[in-house]
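Since the structure comes first, as structure tokens, the remarks are kept for the end.
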Amino acid sequence: MLRNKSQKELLHLSRQLIQPLLPNFHKGQAGKIVVIGGNEDYTGAPFFASHSAALVGADLSHVICEKAAGPVIKSYSPDLMIHPYLMDLDNPHLNLNNSELEKLKNLPIDEIIKTNDNAVLNKLIDELILPKVTSLLNRIDIVVVGPGFGRDPLMLKSLIRIIEEVKVLNLPIILDADSLYLVSLSPKIIANYPKAIITPNVVEFQRIAKALSIDVDLSESNKDKLIDQTIEVSRKLGDIIVFRKGEHDLIVKSSKFLINEITGSNKRVGGQGDTLTGAIATLVNWSNNYILRLWDNQVDLDQEDANLLACFAASSVVRNASSKAFNKYGRSMQTSNVHEYLHESFTELFGDSIFRTSNI
């Protein structure tokens, strides 16, 4: 249904996915999002992802982060709910002796990604981290993992265990940033999970493709070849959605694909990808609610097309907002400037749609 549609036609079709704000809805029905990531060094990434999800329209936006990052992210915005449940190996509450700590810090990455081969890490996660994380996951609609996660062994092992728990709970999950590093090392972490979306940039895509024995040339610009590569990655990962970021965003699920050619910003700055991930989370959740007829809507799309179209809509909002921010700020544009224009971009593309009750 979506193949060969123009950009304008795809935007028009996207309107039916925009969840209205009806008087009978209660808090949370427009989206309960959680972003899992953030450590002492990287606090901006999870903030931008969760803040974007909220600005695009999610009711409740949570962040699960490492303890040292919690107060910092809280200081950015009182609108987000911050849960400092994650721990790295420098956390004093771990009660590890120096020799144990040094051994864990020097663990080779291949040992970290093995499921059950490190009893010490798994014990720490089972006792101190996973119970709190799982308690929140049970109240969440969609999960984002990876922004600002870092490469600490305990953090990475926690990320693997959290992804496993998300799959057990059958929740939609978007993998970005450091979680894509894990996928490039062990694609089976997310392969064949139908509710997964990965959002690699050019370099991340090449790493994942290499892990799947697919050759990718970073200088490749032929559109058909880019599409074929992305289709092959999606298929080898079990037909999950691959959102390949670039000059034009390429959104693929098995043989289905959409290309977003809407003009974005001429400047690339840290955090824009996190903004996109948050927008994807809100809109994909709405597309799932659309399939469930949450607002007594007519359903003209299947699940795959609805999710692909939601990704296209999110890409459009962020690209349009980035273009507006760049037009105002030029070379000085930062990701926080993009956030200034998310609402304006959304309403420009999709209208207000607050009390809409039809698919028009």
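Along the chain as shown, residues are numbered 1 onward.
Just so it is clear, glycine is given a Cβ too, placed from its N, Cα and C backbone atoms.
As recorded in Swiss-Prot:
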type: BINDING; residues: GLY148, ASN201, VAL202, VAL203, GLU204, PHE205, GLN206, ARG207, ASP274; note: (6S)-NADPHX binding site
type: BINDING; residues: 245-249, 264-273; note: ATP binding site
type: DOMAIN; residues: 10-349; note: domain 'YjeF C-terminal'
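Here the features listed in Swiss-Prot are placed on the structure.
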residue : record                   : Cβ contacts under 8 Å, 6 or more apart
GLY148  : (6S)-NADPHX binding site : GLY37, GLY38, ASN39, ASP41, TYR42, THR43, GLY44, ALA45, PRO46, CYS65, ALA69, ALA177, ASP178
VAL202  : (6S)-NADPHX binding site : LEU218, LYS245, GLY246
GLU204  : (6S)-NADPHX binding site : LEU180, TYR181, SER184
GLN206  : (6S)-NADPHX binding site : VAL216, LEU218
ASP249  : ATP binding site         : PHE243, ILE259, ASN260, PHE312, SER315, ARG319
SER265  : ATP binding site         : GLN272, ARG319, SER322, SER323, ALA325, PHE326, MET333, VAL338
LYS267  : ATP binding site         : PHE326, GLY330, ARG331, MET333
GLY271  : ATP binding site         : GLY44, ALA45, PHE48, GLN334, THR335, SER336
GLY273  : ATP binding site         : ASP176, ALA177, THR199, ASN201, LYS245
ASP274  : (6S)-NADPHX binding site : GLY44, ALA45, PRO46, PHE47, PHE48, ALA49, SER52, PRO147, ASP176, ALA177, THR335
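Averaged across the domain 'YjeF C-terminal' (10-349), pLDDT for the predicted model comes to 97. According to DSSP, GLN206 ((6S)-NADPHX binding site) is assigned to a helical segment.
Annotation note: GLY273 (ATP binding site) sits in a helical segment as assigned by DSSP. Ranked by Cβ neighbours within 10 A across all protein chains shown, the binding-site residues LYS245, GLU247 are led by LYS245. Residues GLY148, ASN201, VAL202, VAL203, GLU204, PHE205, GLN206, ARG207, ASP274 are the ones the record ties to (6S)-NADPHX, and the longest Cα gap between any two of them is 20 Å.
Long-range C-beta contacts of VAL269 (ATP binding site), restricted to its own chain and to partners at least six residues apart, with a cutoff below 8 Å, comprise MET333, GLN334, THR335.
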